[in-house]
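Q: Pasting the relevant annotations from Swiss-Prot:
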type: BINDING; residues: 11, 61, 427, 428; note: Mn(2+) 2 binding site
type: ACT_SITE; residues: 61; note: active site, phosphoserine intermediate
type: BINDING; residues: 118, 147, 148, 178, 184, 248, 249, 250, 251, 320; note: substrate binding site
type: BINDING; residues: 386, 390, 445; note: Mn(2+) 1 binding site
């Protein structure tokens, strides 16, 4: 069976039998049509317990890539935190108790929705409650979502938070869209807006809920809400404690850096804060206390390949680069021996419906170069289905799928020419459901299954009831390497 192998992850493309508002079905996709006819294929589960999330919870890129790269189901922080709240372990957390004892005033910051991708509203409320019951003066700083949930669902979430704060006697201090607070592409002007707001230097309003409704009236949805503060809020003090409740790291790193790093030079800051506590490890360089430490994941796909002395290439554009490196490698940043990483810059546009092809063709070129060079294993992510799906623009999402289809055709052709095996799958769905029955835009991920195609010597059928955690062993089987005991079985 021994062959070199390409693993292609088509982010945000799932299987939805309903063809209405389904960008995948609506797209012209000759490469996919050929794959369905000629290559063994099946469906994989990418949500709920199949990827270590609560039942019914949609999958996401972080979880999906961890599952694919580690070859096992890792119970995600979302599940771990839920359990810690249920059994009262969270309030006993040593790092939390230290912060509450040290700081009279405490600020809770995070994405407030039930999307479950970066955070959960229930975690936010649990933290407010713990801090308030401890006797601290507590300030809530809500980041509005509109991306992992409906674009105007914020009104209900923020109403819920406002009432919760009032009943608890805590301050509802600021509101800011994730476009500003959770940038991850070093667009520091956006993060600065959030920073200024936390310091009490933003536009002041008497009622945050009314401001949100006014934003909707001006066609500004949750993701893009401009930073605003309650008129009674006076800003953070340097001695205050700050707790970040997002459990996913990639979109909180920049804000933490702005608030805490002494080396930050991107813009002038009035204050730097030392008493920070994050829900999970956002970046090892921060040296900050955390509530939930990383679980150690050993014998990942990338590690096994590296230890065997084989070469590997990991490539994607900026938006998904962390997923094929850090997350795919089990939450480890460091480069492995014989591992090459190629980062293709994402286009500098406000939202990707402006350029649905994104940088797919450049990413495709990097893969073909890797095949021609003879890399033993290549993993690539095409971001289009997900990133354009998040915009809610149906026509742009169709173009996104068509761009991916073109790239698949080229890579498959190149793989066959050089006798490479290939596996094509997705980490989760998105663009296959762009509107609901009422015509509301759907910008979030789905819970639908995803396609998997396997072209390799001796493979004619894929087993039933498989998931993303069965892919790593499949790659090792193709490469003729021993499958570690920590991994789930192969797809074939």
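Each residue's number is its place along the chain shown, starting with 1.
The backbone N, Cα and C atoms fix where each Cβ goes, glycine too.
Buried or exposed, and what's around them? Tell me for each listed feature.
A: Neighbour count (other Cβ atoms within 10 Å of the Cβ, all protein chains): 28 for residue 428 (Mn(2+) 2 binding site).
Cβ neighbour count for residue 61 (Mn(2+) 2 binding site) (all protein chains, 10 Å cutoff from its Cβ): 28. DSSP gives residue 61 (Mn(2+) 2 binding site) a helix state.
Around residue 148 (substrate binding site), the same-chain residues at least 6 positions away in sequence with a Cβ under 8 Å from its Cβ are 60, 113, 115, 116, 117, 118, 444, 445.
The Cβ of residue 390 (Mn(2+) 1 binding site) has 24 other Cβ atoms within 10 Å, all protein chains considered.
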Q: For Mn(2+) 2, what surrounds 11, 61, 427, 428 with a Cβ no more than 8 Å from their Cβ centroid?
A: 9, 12, 46, 59, 60, 64, 65, 320, 323, 381, 386, 426, 430, 445
Q: Quick one: which of these binding-site residues, 249, 251, 386, 390, have their CA within 10 A of residue 11 (Mn(2+) 2 binding site)?
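A: Taking 249, 251, 386, 390 one by one, the ones whose Cα falls within 10 Å of residue 11 (Mn(2+) 2 binding site) are 386.
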Q: What other residues of the same chain, not counting 386, 390, 445, have a CB atom within 8 A of the CB centroid of the Mn(2+) 1 site?
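A: Everything else in range on the chain: 11, 12, 61, 147, 148, 385, 387, 389, 428, 430, 431, 443, 444.
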Q: Given the binding-site residues 184, 251, 445, which one has the fewest other C-beta atoms within 10 angstroms of its C-beta?
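A: Result for the binding-site residues 184, 251, 445: minimum number of other Cβ atoms within 10 Å at 184.
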Q: Measuring CA to CA, name the entry from the binding-site residues 249, 386, 390 that ends up nearest residue 427 (Mn(2+) 2 binding site).
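A: Minimum Cα distance from residue 427 (Mn(2+) 2 binding site) across 249, 386, 390 lands on 386.
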Q: Please classify the secondary structure at residue 11 (Mn(2+) 2 binding site) using three-state DSSP.
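A: Looking at the DSSP assignment, residue 11 (Mn(2+) 2 binding site) belongs to neither helix nor strand, so coil.
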Q: Nearest by CA distance to residue 251 (substrate binding site): which of the binding-site residues is it, out of 61, 386, 390, 428?
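A: Result for residue 251 (substrate binding site): the nearest of the binding-site residues is 61.
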Q: Please give me the CB contact count at 10 A for residue 118 (substrate binding site), counting all chains in the structure.
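A: Excluding its own Cβ, residue 118 (substrate binding site) sees 26 Cβ atoms within 10 Å.
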